[in-house]
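S.K.: Structure incoming, see below.
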Amino acid sequence: MDQALDIERCDLESRINNTTHHTDQNGLDRLIVRRGLPFTITLHLRSGSQFQAGVSTFRLIVENGPLPKEQSGTKSTFSLTDSASKTAWSASTTSPPGNVVSLSVSSPPDVPIGLYSLTLDQGQKVKLGEFVLLFNPWCAKDAVYMEEERDRQEYVLSQAGLIYKGTTKRIKASPWTFGQFEPGMLDICLKLLDENPKYSSDADADCSGRRNPVYVTRVISAMINSNDDKGVLVGNWSGDYDDGVRPSHWTDSVAILHQWADNCCQRVRYGQCWVFAAVACTVSRALGIPCRVVTNFGSAHDTNSNLLIEFLYDEDGNDISDDSVWNFHVWVDNWMARPDLDAGYDGWQASDPTPQEKSEGVFCCGPVPLKAIKEGELNLKYDAPFVFAEVNADVVEYVKLTNGRMVKMGGSSMEVGHFISTKAVGSDERHDITHLYKHPEGSLQEREVYERAKHHNELQQKGQEPGLKVKIKVSPDMDIGADFDVFAVIANNTEADKTCRVMFYARIVSYDGKPGANCGFIEDLTMEVPTGKEKRLPLRLEYVDYGDTITSDRLIQLVLIVIESSPREFHKAKRTIVLENPDIAIKLLGEPRVNQKLSAQISLENPLPEPLQNCFFSVMGAGLTDGKILIQNVGTVGPKQEAKYTVEFSPTSIGSRTLTVDFDSDKLSNIKGYLNIEIKE
């Protein structure tokens, strides 16, 4: 009878394994590995106990979840073999006889991810330890495999990124710390999976489903919002954030996820689309699913699934419609194979964690292949019609007259889905990926796709183009705190003089298109426009009018309505402007070296004609500030004076790191800055 091995201790070799498996940024004190790639453990036997290949026999057991089952893929029992298996759990050794046994353990590339226990069974079971198993973009057989190392560095390992906001005319990059490898993050991301309702209702099926990145991505999309579960974030677009954190104040996912986990999964107040997307990106990358944050400028929200955005106005220009076009909307793309679909739909998949519409009864969206969106294949999973409308819906505008009659005022097949943006691989440049979502606007392919989406173009022009042209022009310098002019331009290209009724107004607007207070108005002005001439009408926007009501998005919507007296025709132009922020200056003081104190001097000039109260700088950086947000109150800052802060921190890891800075005050907030720092040994 074989003598059982007398195990003194088991070394999970986390330092070597984590480095080999690209998980060392999580730390080296616990075993974190990726599926489909072998890892090594070492058994140290007590004196007198010896291992002999072919003589010593035992089995290893790996188990995941509360109800591990072989048939669910959450449990496996296996013995030593001569070589690693590519389709099942296996273990092998080349150790010579002795009291030290080195085992190479291999997992299949499609096994569920999560926390596993490892047990040695030789009649009596001995628990050797626990390890976390993640998706593996480095393994060609894994569904999340990415071929290029530079892509894996960006979409899996990078802890910092840029999120694009603003308008099509002024796209602004805002820094964000994903921090997926910061202390505690991996455990929180695994906890997020365990808190989803599917786990509560059927833990066995849920844990088994975690082999599939499509399934996991849908769980993440649902759990980042808290609309119908114990999810992370509460969405708020009201402008009232007194009982929580203003969405624009967040600069990193780490603080949000810690707050959620540390408070018994109580939902965090508040988030908007870029916050939902950024946190989803953190969780995806932490679990090993390649992910990028994507911004769509001119993003449609189609409430009735007809692929048409219908804007309805009364005669005073008030918007009374249900549909909307957001100035920008942010979601994520995840990289994975789609074996559940026909061939050709692998690669980037759009997923949207912002709670807008339900999918299979739950507030989540996607993943849906970008190719399906581009080609109008709306019958493919998941939520293709909604995402298609976000980037490719047509827009039509009507005026509802006082007698109830509807008059078509205009429309466009080219208003939605512009400058779809994500951070470029390996640089801070903006990468335009519009071509991955849609064919060029107005092209034959784009219109063919629209028809393939089973929708008739209701905006085909009938008859001649109107002879009266209206548009809005703006000043080159529109800084927050400044007074400036915007212009209504009316050109008469007809052969007759025109008498027009003109309404030109400016109002505060949030990024999701929701209107706020008026901040400038020219009402019911009658204007004569001679044939062949152009008239320009200025509207002065003053800080005293917009300063108290402008949101942290710093967006102002300009609306021009022109009504011809004879024949009675309506013309409309609309434009959203974004006011420029002051810049945050960041200057390093000293040589950046690992585990040595480093200082940075931070400053910002107050551009407003009034003092700023309760001024704060918040500073954070993965691998720089030890997972903490460093906050400094700099008090009151007068007009044209500088807010200053010298921050000290000790970098904890070498390589490229990003220091992000947020400035907040009573009248000026959502000011971001960042500095890339190369940390040396």
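Glycine residues also receive a Cβ, built from the backbone N, Cα and C atoms like all the rest.
Note that TrEMBL annotation is computational and uncurated.
Just lifted these from TrEMBL, have a look:
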- 265-355: domain 'Transglutaminase-like' (DOMAIN)
- Cys273: active site (ACT_SITE)
- His329: active site (ACT_SITE)
- Asp352: active site (ACT_SITE)
- Asn392, Asp394, Glu441, Glu446: Ca(2+) binding site (BINDING)
S.K.: Tally of helix, strand and coil residues over the domain 'Transglutaminase-like' (265-355) according to DSSP?
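M.R.: Counts, helix then strand then coil: 15 helix, 41 strand, 35 coil.
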S.K.: Which one is it, among the active-site residues Cys273, His329, Asp352, that lies nearest to Glu441 (Ca(2+) binding site) by Cα separation?
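M.R.: Nearest candidate: His329.
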S.K.: Which one is it, among the active-site residues Cys273, His329, Asp352, that lies nearest to Asn392 (Ca(2+) binding site) by Cα separation?
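M.R.: For Asn392 (Ca(2+) binding site), the closest Cα among Cys273, His329, Asp352 is found at His329.
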S.K.: Rank the recorded positions Asp352, Glu446 by the number of other Cβ atoms within 10 Å of each Cβ, and give the residue at the low end.
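M.R.: Per-residue Cβ counts within 10 Å for the recorded positions Asp352, Glu446 bottom out at Glu446.
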S.K.: Cα of Asp352 (active site) to Cα of Cys273 (active site): how many Å, rounded?
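M.R.: Computed Cα spacing between Asp352 (active site) and Cys273 (active site) is 9 Å.
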S.K.: Please report how many Å separate the Cα atom of His329 (active site) from that of Cys273 (active site), as a whole number.
M.R.: 6
S.K.: Quick check for the class: what is the C-alpha distance, in angstrom and rounded, between Asp394 (Ca(2+) binding site) and Cys273 (active site)?
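M.R.: Cα-Cα distance, Asp394 (Ca(2+) binding site) to Cys273 (active site): 22 Å.
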S.K.: For the domain 'Transglutaminase-like' (265-355), provide the mean pLDDT of the predicted model.
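M.R.: That stretch averages a pLDDT of 90.
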S.K.: Do you know offhand how many angstrom separate Cys273 (active site) and Glu446 (Ca(2+) binding site) by C-alpha?
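M.R.: That separation, Cα to Cα, works out to 27 Å.
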S.K.: Where among the binding-site residues Asp394, Glu441 do you find the Cβ with the fewest other Cβ atoms within 10 Å?
M.R.: Glu441
